[in-house]
Amino acid sequence: IFPCVFQAILIFCWVYVRKYQSRRESEVISTITAIFALAVALISSALLPVDIFLVSYMKNQNGTFKDWADANVSRQIEDTVLYGYYTLYSIILFCVFLWIPFVYFYYEEKEEDDGNTCSQVKTAFKYTLGFITICAVLLLIGAFVPLDIPNKNNSTEWEKVKLLFEEFGSSHGLTALSFSISSLTVIGMLAAITYTAYGMSALPLNLIKGTTSAAYERLENTEDIEEVEQHLLRIKSKCRDGRPLSSRDRQSVQQLEERLRTLRRRERHLESIEKSWCTKFCEAIRPLKIVWGVFFIIVALLFTVSLFLSNLDKALHSAGFDSGFIILGTNLTNPLNMLLPVLQTVFPLDYILITTIVMYFIFTSMAGIRNMGIWFFWTRLYKIRRGKTRPQALLFLCMILLLIVLHTSYMIYSLAPQYVMYGSQKYLVQ
């Protein structure tokens with residue numbers, strides 16, 4: 001089943017990128033990078049439901065391990081999932097700090113200078129060094145700073161440095177990777193607050209509101225054509241007695257004739273859209289879109305209530321800031337934490353729901369980025385439009401999605417902490 005899912009993700013990513021990328025400015029390297037980064041984001045988000053399933057699959061309903069799930073097998077499964085996490089997160093680190101910035105700067109140089117490819121690569125790599133430096137700093141901080149070094153008054157500075165490297169070697173660099181991923185997760189939180197929150201409201205409202213029909217747009221276009229034709233007639237009526245038009249009127253005639261040609265082309269385009277089977281199909285499922293829009297609003301409210309109750313529980317009953325607000329057990333049960341254990345009784349409803357939740361956050365994030373565009377504080381850098389999106393905008397979209405995926409994997413633990421931590425496992429009380 002996993003190869004089929006992987007192929008489906010690649011096909012979806014290819015269709016999505018080809019749907020939004022500009023036909024005139026498309027470039028092979030940026031297209032491949034966008035498809036690859038988007039696929040990594042979707043695969044990383046799908047790893048959490050797989051993790052919950054594999055951990056729960058090893059036990060029976062009475063809490064005992066299955067016959068095949070001995071200590072070696074269970075340890076092997078856990079190590080495989082762990083290596084999957086580290087592999088995907090390392091790829092995300094590579095994409096965010098090296099590959100996507102390099103392709104972005106390479107394309108920028110290609111637009112400004114159509115000369116030597118080698119010089120474009122050198123310039124792009126020079127700008128990418130800044131991102132590599134930031135990544136190296138985060139890895140070094142994560143490798144050395146958080147370690148608990150014993151305070152010995154008689155130890156020399158060289159012994160302290162030696163102990164640092166010994167601790168770094170014993171962890172195999174995993175603390176450095178964890179700190180770097182955690183730093184990116186904080187940035188992903190800001191992106192989720194901006195784009196995912198907007199998408200959770202924009203997606204259902206757009207489904208309920210719908211889009212302007214082709215027939216209505218064609219009617220407006222026809223009125224514009226009539227208005228332009230009347231304006232042309234008024235200007236040309238000035239020269240009926242043989243007097244030549246002024247230069248200003250001639251310029252106005254040229255502009256109006258150009259606009260008239262554009263409006264007639266648009267009329268032919270709208271006519272073809274109105275007669276297409278896709279438009280008729282969308283009109284037929286219009287009530288279904290409204291139902292889905294209302295459903296997504298209810299889901300957004302459910303997530304909001306669940307997150308509020310879970311965080312309130314941590315604030316009231318956790319061990320505090322020093323322990324990272326770790327909480328043992330659940331004192332304030334949120335709706336999702338109640339619903340998922342109930343669905344465990346009917347396989348595989350709980351796995352379908354947790355997968356749907358993860359995909360919901362991803363697709364609402366994509367909808368938020370598509371509606372808002374790419375912003376840097378109060379400045380809009382790029383717009384995301386069907387068939388007109390520049391390669392740089394697609395690269396930014398994929399980078400933001402990678403960051404949001406990191407935060408989503410953390411946020412799911414707050415939505416249903418007991419279920420996400422233990423799955424459907426049951427334990428025997430000794």
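Each Cβ is built from the backbone N, Cα and C atoms, and glycine gets one as well.
The feature transmembrane segment is assigned by TrEMBL to 28-48 (among others).
Under 8 Å from some Cβ of the transmembrane segment (83-107) lie the Cβ atoms of residues 27, 29-30, 33, 36-37, 40-41, 43-44, 47, 51, 120-121, 123-125, 127-128, 131-132, 134-135, 174, 177, 180-181, 184, 391-392, 395-396, 398-399, 402-403, 405-406, all in the same chain and six or more residues away from its ends. Per TrEMBL, the feature transmembrane segment maps to 83-107 (among others).
Taken from TrEMBL, the feature transmembrane segment applies to 127-147 (among others).
Positions annotated as transmembrane segment by TrEMBL: 174-198 (among others). Packing against the transmembrane segment (174-198) from elsewhere in the chain are residues 86, 89-90, 92-93, 96, 135, 138-143, 146-147, 168, 361, 364-365, 368-369, 371-372, 375, 400, 402-408, 410-411: each is 6 or more residues past its ends and has a CB under 8 Å from a CB in it.
According to TrEMBL, the feature coiled coil maps to 246-273.
Residues annotated as transmembrane segment in TrEMBL: 290-309 (among others).
Away from its own ends, the transmembrane segment (351-372) comes close to residues 20, 41-42, 45-46, 48-49, 52-53, 191-192, 194-200, 202-203, 206, 299, 303, 336, 339-340, 343, 384, 397, 400-401, 404-405, 408, 411-412, 415-416, 419-420 of its chain (Cβ-Cβ under 8 Å, at least six residues beyond either end). For 351-372 (among others), the entry in TrEMBL reads transmembrane segment.
Within the chain carrying the transmembrane segment (393-413), a Cβ under 8 angstroms from the stretch's Cβ atoms is held by residues 17, 20-21, 30-31, 33-34, 37-38, 40-41, 44-45, 48, 89, 92, 95-96, 100, 103-104, 107, 181, 184-185, 187-189, 191-192, 195-196, 307, 354, 357-358, 361-362, 365-366, 369, 373-374, 381-384, 420-421, all 6 or more beyond its ends. As annotated by TrEMBL, transmembrane segment applies to 393-413 (among others).
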Q) Who are the chain neighbours of the transmembrane segment (290-309) in space, where the CB to CB distance is under 8 Å and they lie at least 6 residues beyond its ends? A) 200-201, 203-208, 332-337, 357, 360, 411, 414-416
